[in-house]
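S.K.: Take this structure, written in structure tokens, and hold onto it; I'll ask about it next.
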Amino acid sequence: MAADKIDTIVSLSKRRGFVFPCSEIYGGQKAAWDYGPLGVELKENIKRQWWRYMVTSREDVVGIDSSVILATEVWVASGHVATFSDPLTECTSCHKRYRADHLEEAYEAKHNRSPENGLADINCPNCGNKGQFTEPKQFSGLLSTHLGPTQDSGSVAYLRPETAQGIFTNFAQVQQTSRRKPPFGIAQMGKSFRNEITPGNFIFRTREFEQMEMEFFVKPGEDEKWQEFWMQERWNWYTGLGLREENMRWYDHPAEKLSHYSKRTADIEYRFQFGGNEWGELEGVANRTDYDLSAHAKASGQDLSYFDQEAGERWTPYVIEPAAGVGRAMLAFLLDAYVEDEAPNAKGKMEKRTVLRLDPRLSPVKVAVLPLSRNPELSPKAKGLATALRQHWNIEFDDAGAIGRRYRRQDEIGTPFCVTVDFDTLDDNAVTVRERDSMKQERVSLDQIEGYLAARLIGC
């Protein structure tokens, strides 16, 4: 993977309407992004596939949608108010601020060893001066706000840094109303917020982001088995949607870097190839033990244990948590799908072609309907076909420009099929279907086109 591929994806994303800089007419908001028409579709397709795989295709997982702003007591009990912080350091030469642990991790990735003298051995990524960092101080990752007409200590509230706590506080109600018993899971997708010191790398690290999380409640003693199970399931989900295994790996957090609630955390890392860092976290699968349920039970005075009727005993479930970010998944799928090859133009000359070889289930547009020209007979027929196909899939109608250029536009946004309505259509009532990756073309009767596409767009 080329080192400048991220820049290529950023350019493509803006040019084709996947992702735009936030508030760009005012100069932009740092590390904040808006998702355009194609980006919204890609995001929704990723979320839809996650929900199908993790929830609706299983009998042991149910869903929930909890509030973004929870009671302040939730974050006190969970340990976030006391411990959700990062080590902040500043370069005394250029006054750029960094997370100290990120500087050390980048050093380790480059030199295959830890800096012997800590920050004193590290050059500033901005100005290049060595060892000019201040002593790290803890910086809270919580974003706070005030509720109500007054702004005092009693009105402080927090925007959730994770969706998980809304699941834990609803555990007993969901378990009872859904009539589930461990092992079972509760899943949630939604926005979370973290006051990142050094956001960046496009949509990889932002202060506002969307999560896909599931908390799987199991009997203590069975947690390690279930963590291995969900690690394999999450790996399979990514590879099943097209990520290549050579661009993925597992990273087990060392004991000294585990979160305050974790017994073990393993990350799926992807070869993002950011400047200085080849690998980046794609998704984490954590064993949170009974930390959260026990903490909330103690703080609230409510019983969050489970009575096992078969065993005749009561216990507090352990929790296995696969937690993914929609933005990071989207970036990985875009990077993995991006290909440059060659294809003949109208004159038979080979030209460079850019293709997003996205799995059709993720492709923002499933089918493009293209009349050969803006002919008064062809256009109405093509528009009628597009209207009929929209009952099933997201369809794009395009009649502007040469047909070869329109094919290239669709290749670049990942559309798996182009359907061309030409002058022969008026006689034989058939259309030409072009497949994105192979560029092979096939003639299909109009009365069979829906079935033809449906057989190739299963799961879309």
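One is the number of the first residue shown, and numbering goes on along the chain from there.
Just so you know, glycine gets a Cβ as well, placed from its N, Cα and C.
The structure displayed is predicted, hence computed values, not measured ones.
So Swiss-Prot lists the following for this protein:
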BINDING   ARG99, GLU162, PHE209, GLU210, GLN211, MET212, GLU213, GLU321, PRO322, ALA323, ALA324, GLY325  substrate binding site
BINDING   194-196, 204-209, 281-282, 325-328  ATP binding site
S.K.: Out of ARG99, PHE209, GLN211, GLU213, PRO322, ALA324, give those binding-site residues positioned within 10 angstroms of GLU196 (ATP binding site), comparing C-alpha atoms, in sequence order.
M.R.: ARG99
S.K.: Spatially, and counting Cα to Cα, which of the binding-site residues is closest to GLN211 (substrate binding site)? Options: ARG194, ARG205, ARG328.
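M.R.: When the Cα distances are compared, ARG328 comes out closest.
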S.K.: Would you mind checking how many other C-beta atoms are within 10 angstroms of the C-beta on ARG99 (substrate binding site)?
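M.R.: So the Cβ neighbour count for ARG99 (substrate binding site) comes to 17.
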S.K.: Using C-alpha atoms only, work out the spacing between ARG194 (ATP binding site) and ARG99 (substrate binding site) and round it to an integer in Å.
M.R.: 14
S.K.: Including all protein chains shown, what's the count of other C-beta atoms within 10 A of the C-beta of ARG207 (ATP binding site)?
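M.R.: Counting Cβ neighbours of ARG207 (ATP binding site) within 10 Å gives 17.
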S.K.: Can you check which residues sit near ARG328 (ATP binding site), meaning Cβ under 8 Å from its Cβ, same chain, 6 or more apart in sequence, and list them in order?
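M.R.: ILE203, PHE204, TYR270, GLY280, GLU281, LEU282, GLU283 - these are the non-local Cβ neighbours of ARG328 (ATP binding site), listed in sequence order.
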S.K.: What are the sequence-distant neighbours of ARG205 (ATP binding site), meaning same chain, six or more residues apart, C-beta distance under 8 angstroms?
M.R.: ALA31, GLU196, THR198, PRO199
S.K.: Across the listed substrate-binding residues, ARG99, GLU162, PHE209, GLU210, GLN211, MET212, GLU213, GLU321, PRO322, ALA323, ALA324, GLY325, what is the farthest Cα to Cα distance, given in whole Å?
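M.R.: Roughly 25 Å, rounded to the nearest whole number.
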S.K.: Among the binding-site residues GLU196, GLU213, which residue has the fewest other Cβ atoms within 10 Å of its own Cβ?
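M.R.: Checked GLU196, GLU213; of these binding-site residues, fewest Cβ neighbours within 10 Å: GLU196.
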